Amino acid sequence: MLSASVSNDTTFHPSTFILLGIPGMQEQHIWIAIPFCSMYILALVGNGTILYIIVTDRALHKPMYLFLCLLSFTDLVLCSTTLPKMLAIFWLRSHVISYHGCLTQMFFVHAVFATESAVLLAMAFDRYVAICRPLHYTSILNATVIGKIGLACVIRGLLFVFPFVILIERLPFCGHRVIPHTYCEHMGIAKLACASINPNTVYGLTVALSVTGMDVVLIATSYIMILQAVLRLPSKDAQFKAFSTCGAHICVILVFYIPAFFSFFTHRFGHRVSPRVHIVLANLYLLVPPVLNPLVYGINTKRIRQRICEFSMGRR
């Protein structure tokens, strides 16, 4: 009976995992949760407001705003995949998560991140067409094309991330079920296995470099071409306005990608990086962009700013 029990432990997956939170900082969890909860509320309010304004105002049913609407929706999903459980860990000491719940969270974290990366690329393309090909803007980005781009963003994220689930399902865990993290991510789960995780490492690296990495290259190329076009504008005021807008967009893009790549490569190569630093940054790249995006892409947009003012005045 004992040998059969041991065999089952090494062959099958655990029924639950235990998420530790931030290792070594368990006593501070209750205080650490306060800024994270505040940022989560800001993300919900900011992105919810952007979605409401764009959906209810037909004048905003244009390419730039429709992409912004898609970005706000992915931001809401992105931060909501991890923050509720993290706050439950910090405040309620609810560390246990079911095996399938963990895989579901892992799938949505990576799939929505890949989708948002594609949306940022689509928004960079939108700005490129608007500035560099203004006469062809409406013909290139019509409603049908925008719908296809949005659908492609979602399908791409789902297709590239689904193999993560298959790669985890094939692994035996030998009774290991403690994850030193606040949420379930691919390599965090894979490292608990008592078998080779080389396929997980290779596929994860391939996806990061060929999918997300390519998005970064194409976004950078788009903004370089935009800046070249801006420098040819005769008006200094127009140049300044374009530079300030592009600068804000680039800052948000950097905040989105730099912590994400840091977290990704730390799992594979950064053995000397403190787990605290790694986990905090892994949470920030899922939370900070949803907080900043409504401010940078929304408040800086004149039409949305006007609608927010009208909405605020109407509530008084």
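Placed from the backbone N, Cα and C atoms, the Cβ positions cover glycine too.
These features come from TrEMBL:
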TRANSMEM  30-53  transmembrane segment
DOMAIN    46-297  domain 'G-protein coupled receptors family 1 profile'
TRANSMEM  65-91  transmembrane segment
TRANSMEM  103-125  transmembrane segment
TRANSMEM  145-168  transmembrane segment
TRANSMEM  207-230  transmembrane segment
TRANSMEM  242-265  transmembrane segment
TRANSMEM  277-297  transmembrane segment
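For the transmembrane segment (65-91), the residues of the chain that approach it from at least six positions outside its boundaries are 19, 21, 29-30, 32-33, 36-37, 40, 43-44, 47-48, 50-51, 54-55, 97, 105, 108-109, 112-113, 115-116, 119-120, 122-123, 126, 146, 150, 153, 182-183, 283, 286-287, 289-290, 293-294, 297-298, 301, 303-304, judged by C-beta separation under 8 angstroms. On the 0 to 100 pLDDT scale, the model's mean across the domain 'G-protein coupled receptors family 1 profile' (46-297) is 88. Within the chain carrying the transmembrane segment (103-125), a Cβ under 8 angstroms from the stretch's Cβ atoms is held by residues 64, 67-68, 70-71, 74-75, 77-78, 81-82, 85, 97, 149-150, 152-154, 156-158, 160-162, 164-165, 168-169, 183-186, 189, 207, 211-212, 215, 218-219, 222-223, 249, 253, 256-257, 260, 286, 289, 297, all 6 or more beyond its ends. Highest Cβ pair count under 8 Å relative to the transmembrane segment (207-230), across stretches 30-53, 242-265, 277-297: 242-265.
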